[in-house]
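J.: Dumping the structure here so I can ask a few things about it.
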Amino acid sequence: MKDSCITVMAMALLSGFFFFAPASSYNLDVRGARSFSPPRAGRHFGYRVLQVGNGVIVGAPGEGNSTGSLYQCQSGTGHCLPVTLRGSNYTSKYLGMTLATDPTDGSILACDPGLSRTCDQNTYLSGLCYLFRQNLQGPMLQGRPGFQECIKGNVDLVFLFDGSMSLQPDEFQKILDFMKDVMKKLSNTSYQFAAVQFSTSYKTEFDFSDYVKRKDPDALLKHVKHMLLLTNTFGAINYVATEVFREELGARPDATKVLIIITDGEATDSGNIDAAKDIIRYIIGIGKHFQTKESQETLHKFASKPASEFVKILDTFEKLKDLFTELQKKIYVIEGTSKQDLTSFNMELSSSGISADLSRGHAVVGAVGAKDWAGGFLDLKADLQDDTFIGNEPLTPEVRAGYLGYTVTWLPSRQKTSLLASGAPRYQHMGRVLLFQEPQGGGHWSQVQTIHGTQIGSYFGGELCGVDVDQDGETELLLIGAPLFYGEQRGGRVFIYQRRQLGFEEVSELQGDPGYPLGRFGEAITALTDINGDGLVDVAVGAPLEEQGAVYIFNGRHGGLSPQPSQRIEGTQVLSGIQWFGRSIHGVKDLEGDGLADVAVGAESQMIVLSSRPVVDMVTLMSFSPAEIPVHEVECSYSTSNKMKEGVNITICFQIKSLIPQFQGRLVANLTYTLQLDGHRTRRRGLFPGGRHELRRNIAVTTSMSCTDFSFHFPVCVQDLISPINVSLNFSLWEEEGTPRDQRAQGKDIPPILRPSLHSETWEIPFEKNCGEDKKCEANLRVSFSPARSRALRLTAFASLSVELSLSNLEEDAYWVQLDLHFPPGLSFRKVEMLKPHSQIPVSCEELPEESRLLSRALSCNVSSPIFKAGHSVALQMMFNTLVNSSWGDSVELHANVTCNNEDSDLLEDNSATTIIPILYPINILIQDQEDSTLYVSFTPKGPKIHQVKHMYQVRIQPSIHDHNIPTLEAVVGVPQPPSEGPITHQWSVQMEPPVPCHYEDLERLPDAAEPCLPGALFRCPVVFRQEILVQVIGTLELVGEIEASSMFSLCSSLSISFNSSKHFHLYGSNASLAQVVMKVDVVYEKQMLYLYVLSGIGGLLLLLLIFIVLYKVGFFKRNLKEKMEAGRGVPNGIPAEDSEQLASGQEAGDPGCLKPLHEKDSESGGGKD
């Protein structure tokens, strides 16, 4: 089966420079890679690699003047020797480009697609193939598939040259020199020549017979004379067709007729050239007469079609001497082809052997150059001496240059016949792959399926590989490489097609690492043997331009391949300075004889052998003592000391198991493992010695069981006594740096590698359950709401709500008790408190994410986590804040539900409870009595008998955010009781602004002296809800009798706003919505007092007279104080003279009573002087 992609040597290889970290190393040994590079093998050593027996055949195509070679490399010796081609008579320049082996008998087919030879100075390319037996020592067969014999096609060519007068002698001579040059260069070919000069007439200078007799161009044209007349081109062409191409003049009936016309001007005659329709006509126009497009088009009528191929315009005669090279190409097309198809090749450039494959002794080779590079493949006979060509059917123009046969690969089957896939990577620039059915009983090949590429220039079909995944003899997968595919910064793609009943169908694809747009992933694809021991074939894909090259390993799986590589090997990992690593790959043999598969990888001037490592599985066992952890030993207890609790002993055992049955060597694995306690928890429940949560150890493991003991203890307090303690084990292979990988140095101790599965194990140590003899705890939970602490929820800016819940466990221990509380979105959870018992029973709540804010919110509480013991009861208080802006109804409904992990479904009836709390909306009403209310009224016998009074009230209603719930309001106006007796009567009415009708209601209440302001009647008035309302209580007071005695009493009115108190409440208390006006009424009694006034006047006059007489008698009216004071003003400095003193003394004697105070003053002054 074909093992790797074939690449044309001329294809340029470009490398990109990108960085990518190495992939995991499963399971090829990179560090133990062995390199082979024989001296003088050339840079293309490693172009193809093929494992045969216990060695590797390496192809080294030639470069420059060197020839290609085959080398046989032995892994045991480390040397490569060239393969001797005994009996070969050919020089193989590109031997080693193609290698294939037959998996049934190990025979080897090596081909050189560049066997070249010259035929009439034209180069033919075909193939040269050698068939070897497995040991390369047996008889060798050689063959030349697609070999095309040099069949000389007969061509009779006539030069028809212009001899008109417009030609100068030197120009005419250059035409003759051109004809001589052509004849000399084609002298040893199957061409015959004749020459005719034309002007007004026509002259045969020499015919075909003359040329056969004497093939000397100089002698044949020695006596030519320039005619110097007109240019009758039409007549000249007809003359050649009828008079020159004649058998009696040497023309051959089987020869192709060719006419080359050389002229410097337009025709001077007219007509047609129907006689020359079977002649291939080239016309060469020379000179200044053909500078315009119109003049050039006059030549088209003389030439064959298409004119672009058969008309040539030259501006000077000097360019005639350089025209032969172009003319030779056109002549080459003619020679050896049929007259019906003058522009195609058959097998002349077949390059047969560019690809090859062998299966069940049946060999095929690709022939990309056949049929004008439409391509195809050759079915070789057993002796390689005969072949059958199979190509595109039908052979249409669009299949040309498709390169069918660039790759070929057998797709074996358990049936008698198999399929063959052949790639055409350049078909319509998209590429395609054709599937052919092998002929049965000497029949014909048949095309059964076509698979098309999808991206221009991707070289889809540039590499093919069939894969028998389960090794049952039936090819399940066809891998098609597109190494130039580009997408997502990845260069190259491999498409996976799976076999169906009617053909192959695309199922997936493989990709290389990103960052290598020119990496050519898929340049080489090969089906490896089972290298990882799972019984399925693995696949290697080369990407030679990812950095210095890379090889990807894809493991087989049932029904296909793993989409992710198990290993990516970079060339620099195996050898410094390597280039094109991964250009070819083959890995189906055990070269070392150790039972492990080896993979050969080609690079530039290198061949690398990578050994696979034995794949092992790790068997682990773990045991504990005690098997269950006693709860009473580790549970939280506040009466015990802080001493460490008893621990658990662990025994862990390891043993390796080989997954490669044929490997018989000794297995020793250096294992690194980690033990971890409760690794998924932040708070661990077990500690290794030293307070650590994990242990790391190394151990050498063999195929025998190895065991180790450990122990761990518990912290002071373990709260979670339900979930088992997890003991996790993680392990991996550990290799010391510098560990030798040379198996010859290590003997049979080849370092194994673990199977790429989850390298971890987890065990659980359960806690002992105190649930009776059946070891099964059955809880019975009950939840109920206690009488609400808040009888109603009053919606204010800072309102809160508290509810109480009672939770009980009536049966055995309950595990992971969870209390869920659903409440409306207007409430916001604040906190939870444990009311009773006052012990360390943990409770924690968290609000769950809202599923829909329009429905409800939920609270989840863990109670006594993790165990709620049997017979326990708790009382919880849940406190909520209110979100005033929320939408509220008439009540708040809270629903509680309690669950646990071990309650029977038949006991869930009392696990739910619901409470409903009414909602009261706030009303902000303020009532004030006005200053202009009548507060005092007085009645007198002579005063007005009727008084009009007013009691004024102002009602302010503040807007609320709950205006959607506006209550029905009513103003209740109380007026005084009607008098039962007395002279004063009163009547009352109510007016409101805005006006509303009021209903009068008599309370029929008797007057009560102790409660004088109790209303005797009520006015009930509906209130229009607005911010300000004015209420006037108007009264008429009338004096209807005589005032017999004075009195004073009070008349009171009142105003209050009433509403439905079951839905609303006063925001600032009921007093704010109540006002009262108290008015004092004064009744004054007046008696008849005229005679009393007369007698009082007379008595007053008599008293005044008596006072006057008394004053007169005492001399009050005779005093001369005025004169004395005026006399005193005449004394200087205010000091009386001596005469004055005497006068004063006399006066004092006459008026002792009036002057005594003055004398006392003087005596005091005098005394002061003494």
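Placed from the backbone N, Cα and C atoms, the Cβ positions cover glycine too.
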J.: With the ranges 670-674, 705-709, 995-999, 1115-1119 to choose from, which does Swiss-Prot describe as motif 'GFFKR motif'?
T.: 1115-1119
J.: In Swiss-Prot, Cys129 is paired in a disulfide bond with which of Cys111, Cys119?
T.: Cys111
J.: Quick one: of the binding-site residues Asp530, Asn532, Asp534, Asp538, which has its CA closest to the CA of Asn188 (N-linked glycosylation site)?
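T.: Nearest listed residue in space: Asp538.
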J.: So what's the mean pLDDT when you look at the topological domain 'Extracellular' (26-1090)?
T.: 87
J.: Which of the three DSSP states, helix, strand or coil, fits Asn649 (N-linked glycosylation site)?
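T.: Its secondary structure by DSSP: strand.
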J.: What is the separation, in Å, between the Cα atoms of Asn89 (N-linked glycosylation site) and Asn1071 (N-linked glycosylation site)?
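T.: About 130 Å separates the two Cα atoms.
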J.: Summarise the repeat 'FG-GAP 2' (83-141) as counts of helix, strand and coil residues per DSSP.
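T.: Computed counts for the repeat 'FG-GAP 2' (83-141) are 0 helix, 28 strand, 31 coil.
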J.: Most Cβ neighbours within 10 Å: which of the recorded positions Asn532, Asn726 is it?
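T.: When each Cβ's neighbours within 10 Å are tallied, Asn532 tops the list.
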J.: If one measures from the C-alpha of Asp534 (Ca(2+) 2 binding site) to the C-alpha of Asn670 (N-linked glycosylation site), what distance in angstrom results, rounded to a whole number?
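T.: Computed Cα spacing between Asp534 (Ca(2+) 2 binding site) and Asn670 (N-linked glycosylation site) is 23 Å.
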J.: Distance between Asn670 (N-linked glycosylation site) and Asn532 (Ca(2+) 2 binding site) at the Cα atoms, whole Å?
T.: 19
J.: In sequence order, which residues at least six apart in the same chain have a CB under 8 Å from the CB of Asn649 (N-linked glycosylation site)?
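T.: Same-chain residues close to Asn649 (N-linked glycosylation site) (Cβ under 8 Å, separated by 6 or more) are Phe624, Ser625, Asp709, Phe710, Ser711.
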